[in-house]
């Protein structure tokens with residue numbers, strides 16, 4: 001029962017944006033920069049950061065489901081450690097959205113539920129498949145973050161600092177999953193993941 005209560009609390013905090021951070025925000029070392037951007041640039045950056053916030057909501061759901069279904073204690077601990085770092089990402093993105101005068105996606109409950117279901121299925125397929133799913137997810141997220149870094153206005157150093165740290169963390173999580181025995185996913189599964197990501201990013205940019 002205690003475990004269920006704890007995991008329910010994790011879900012509520014992820015959806016509501018009431019997450020805790022263990023690490024300082026990488027943007028804290030930089031001066032405020034929103035006034036150096038035009039209104040259109042701020043709206044564009046807010047759309048990108050909303051996408052990244054949704055991605056971190058989904059990461060919380062995926063890791064939570066995969067942790068609950070993991071057979072091996074070491075895999076469970078690895079999922080838990082990665083989820084805590086992803087919680088930092090979630091809080092950093094939420095803070096940047098507030099600075100930009102924007103808000104998270106209104107569809108966060110839907111994103112969370114869908115990601116949890118996918119993570120549960122991956123976890124039920126076995127630890128090596130689950131770790132392979134983590135590795136592929138992080139590879140796609142790394143690519144996606146690189147694209148966002150290329151699309152940021154030159155004046156937006158604070159978002160850049162956040163996304164660069166997130167990308168470094170995602171690379172490390174993916175490498176750890178492969179090193180722990182994650183197996184490559186079939187090409188159709190990878191393509192399906194990319195398709196689902198495109199749907200999410202298109203909707204989250206605006207809603």
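Every residue, even glycine, has its Cβ placed from backbone N, Cα and C.
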Co-listed Fe cation 1-binding residue [Swiss-Prot; alongside 56, 86, 89] among 164, 170: 170
Among 136, 138, 154 - the residue Swiss-Prot places in the same Fe cation 2 site as 86, 170, 173: 138
Top Cα neighbour of residue 173 (Fe cation 2 binding site) in the set of binding-site residues 56, 86, 89: 86
For residue 170 (Fe cation 1 binding site), nearby residues of its own chain (Cβ under 8 Å, 6 or more apart in sequence): 138, 141, 142, 145
Neighbour tally for residue 138 (Fe cation 2 binding site), based on other Cβ positions within 10 Å of its Cβ: 24
